[in-house]
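> Structure provided below as structure tokens; questions to follow.
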Amino acid sequence: MKATSIVEFVRDTYKTDEFIPLHAPRFGGNEKAYVMETIESTFVSSVGKFVDDFERKIEAYTGTAKAVATVNGTAALHAALYMADVQRDDLVITQALTFVATCNALYHMGAEPIFVDVSPVSLGLCPKAMDAFLEENAEVTDVGCIHKKTGRRIKAVVPMHTFGHPVELDELVAVCLKWNITLVEDAAESLGSFYKGKHTGTVGEFGAVSFNGNKIITTGGGGMVLCKTKERGARAKHVTTTAKVPHPYEFFHDEPGFNYRMPNLNAALGCAQMEVIEQYLKQKRLLAESYKDFFNGTDFKFVTEPEYAQSNYWLNAIICPDKESRKDVLAVTNGAGVMARPVWQLMHRLPMYSNSIRGTLTNSEYLEAHLLNLPSSPNL
Ligand SMILES: *Cc1c(COP(=O)(O)O)cnc(C)c1O
């Protein structure tokens, strides 16, 4: 298939001659009105009714016991790992095929990543690969799961639902139980994605969502910690609000907290976006269907949701037959004002994670060389 025909298809689909970005935010509802309301009320900062409303909306939508809004998704993940009691010098299992924020969050807890392979079905962390790595390298002791060679504790695992496609969570939970490892989901890309009817980010002990400008809905910048119990939610709010003990005038903080609370200004945008999320999801599913039809029968493989899941199709992806064809598609699409990009470089290629412990990464390496993302905005 010719790369130019991909350009034609995307242009036909979006019906525009202008530049087509990978994922652009869209504001067609109450965004302006709600944001103006925060300004007129002067409650633009971290206290205000939109923060509470937005948290309640995310709780209702995801079915989580308690959601706590943060300044961004990385902060949500950082706070989640803090709540999960990841300690300095712990090891945390994750995937090498992810956005760098997954690793940065655990790194800033003083922990280090262990990279295991991703599943070719979900493109996210593979439970079998995790179990195989642990069988070879770990043992369960009184103090938890220990990496035998270094003697360090493997405290948690952070799977990431790549491009919105849910990982195999039942299998992952079983591996976590077997090895006494805490499951924290990086659901930054998967708001609106469900695993066997459960919203991503609600199966693990904690989940982190992002509302960055390129995500399915946006608050400008923002995130949310999803907590399994009300008690944990209360603590998440506490630690993201400098761990200040409530008092009419005294300043007393009972642990090293974060200043991670989402401002009301941003939450106003979030409330308006939640009013249209279903519509965005529908449009994104239609778009994914049309990509699927278009690539059907070609040597490019369109990535579809795993059969056990319902994906938000945040970013549409294709697997190119070889490196050369991907290079060609990238050059032709970008040259024609249709944005496409290769998947992230694997995390262990980055200088700060190059010495990390890792298992075999065959699927990750294949995807790194062949995967490409295409325009995915819900603006049909
Ligand atoms: C977007 C993203 C994040 C971080 O979200 P921010 O809101 O940008 O901090 C974390 N992990 C993954 C996989 C992401 O795609």
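The backbone N, Cα and C atoms fix where each Cβ goes, glycine too.
Straight from TrEMBL, here's the annotation block:
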ACT_SITE  K215  active site, proton acceptor
MOD_RES   K215  N6-(pyridoxal phosphate)lysine
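Provide an account of the burial state, proximal residues and distances for the features listed.
In the three-state DSSP scheme, K215 (active site, proton acceptor) falls into the coil class. Long-range neighbours of K215 (active site, proton acceptor) (same chain, six or more residues apart, CB within less than 8 Å of its CB): H23, G73, A188, E189, L191, W314.
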